[in-house]
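What Swiss-Prot annotates here:
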| type | residues | note |
| --- | --- | --- |
| BINDING | H69, H109, E145 | Zn(2+) 1 binding site |
| BINDING | E145, D179, H216, E261 | Zn(2+) 2 binding site |
| BINDING | H182, D229, H231 | Zn(2+) 3 binding site |
Amino acid sequence: MKYIGAHVSASGGVSNAPLNAKSIGADAFALFVKNQRQWSAKPLTKSEISSFKTNLKNANISLEHILPHNSYLINLGHPDPQQRKKSIDAFLDEIYRCDLLDLKMINFHPGSHLKEIDENICLSNISSSINYILENSSGIKLVIENTAGQGSNMGFKFEHLGYLVKNSCDKNRIGVCIDTCHLFCSGYDIRSKSAYEKTMDDFGKIVGFEFLSGMHLNDSKCDLASRKDRHESLGKGCIGWSGFENIMNDKRIDEIPLILETIDNSIWADEIIALRNLIKGN
């Protein structure tokens with residue numbers, strides 16, 4: 001079964017996120033558990049935690065289908081060890097917040113070399129940071145998101161993701177999230193059936209479907225291999241509906257959260273319906 005939702009607002013408190021997901025007909029969602037553009041935030045109150053759990057139950061959404069996203073400030077590959085430690089500490093704080101909400105996973109961008117160090121050194125930094133976080137936390141799965149390769153961001157090749165997964169110290173707590181816009185803009189085509197199968201077969205061989213823990217479903221304003229991260233509404237970009245039809249009919253992608261981050265939240269409910277209608281037999 002496919003579980004579809006969107007990255008919904010937690011404005012006014014994280015307890016609002018399940019209600020916002022329910023309002024668009026979602027059975028999965030993503031959220032920020034703190035302000036994504038600030039290093040620190042007020043602690044979650046007992047009242048807010050309780051309200052989140054109550055609203056989640058009322059929305060009838062499983063914890064397994066929630067994919068929180070951590071701060072955009074975090075850079076686990078930072079060339080400066082002190083800045084890297086700042087990112088690690090911020091990551092651990094976000095895990096603590098997720099634990100309070102009983103969340104099972106946290107999604108993150110791997111990191112950036114900032115054009116100051118070699119890509120391989122940056123990957124090694126990211127890997128070491130991931131392992132430190134795994135060793136100093138418990139339970140929650142760390143879900144690495146692929147990137148478009150914009151600027152100096154790592155994670156735009158399956159080989160990057162495969163390296164980080166292979167070198168993680170706890171394979172039960174590591175996963176991968178594929179963002180379709182990032183995938184397409186980093187050079188992996190999914191538009192035709194044959195292109196999709198080639199791309200996903202490569203993913204299976206290099207990373208492994210057993211590590212696929214979620215997807216971000218976004219069309220792209222920019223063309224194949226553009227290395228630019230510009231999301232578009234489904235069917236209105238360079239990927240088109242055919243790519244999403246391929247995803248919705250791939251049984252290897254069942255039972256994980258499929259999250260919209262498309263640019264017009266006023267049509268998220270329509271996009272969710274459209275995605276479900278792409279499933280053959282529906």
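Cβ coordinates come from backbone N, Cα and C, glycine included.
Feature map: annotations from Swiss-Prot on the structure.
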residue	record	Cβ contacts under 8 Å, 6 or more apart
H69	Zn(2+) 1 binding site	H7, A30, L31, F32, Q36, I106, N107, F108
H109	Zn(2+) 1 binding site	Y72, I74, E145, T147, N153, G155
D179	Zn(2+) 2 binding site	E145, N146, T147, A148, M215, H216, N218, E261
H182	Zn(2+) 3 binding site	E145, N146, T147, A148, F156, H216, N218, D229
H231	Zn(2+) 3 binding site	C181, N218, D219, S220, K221, E261, T262, I263
Legend entry - Additional residues surrounding Zn(2+) 1, by Cβ distance to the H69, H109, E145 centre under 8 Å: N70, N107, F108, V143, I144, C177, D179
Legend entry - Residue among binding-site residues E145, E261 with least C-beta crowding, 10 angstrom cut-off: E261
Inset, instruction - Note down the number of other Cβ atoms within 10 Å of the Cβ of D229 (Zn(2+) 3 binding site), including every protein chain shown. - result: 21
Legend entry - E261 (Zn(2+) 2 binding site) - helix vs strand vs coil (DSSP): coil
Legend entry - E145, D179, H216, E261 excluded, remaining Cβ within 8 Å of their centroid (Zn(2+) 2): N107, N146, C177, I178, T180, C181, H182, M215, N218, I259
Inset, instruction - Ten-angstrom check, please: count other Cβ atoms within 10 Å of the Cβ of H216 (Zn(2+) 2 binding site), all chains counted. - result: 26
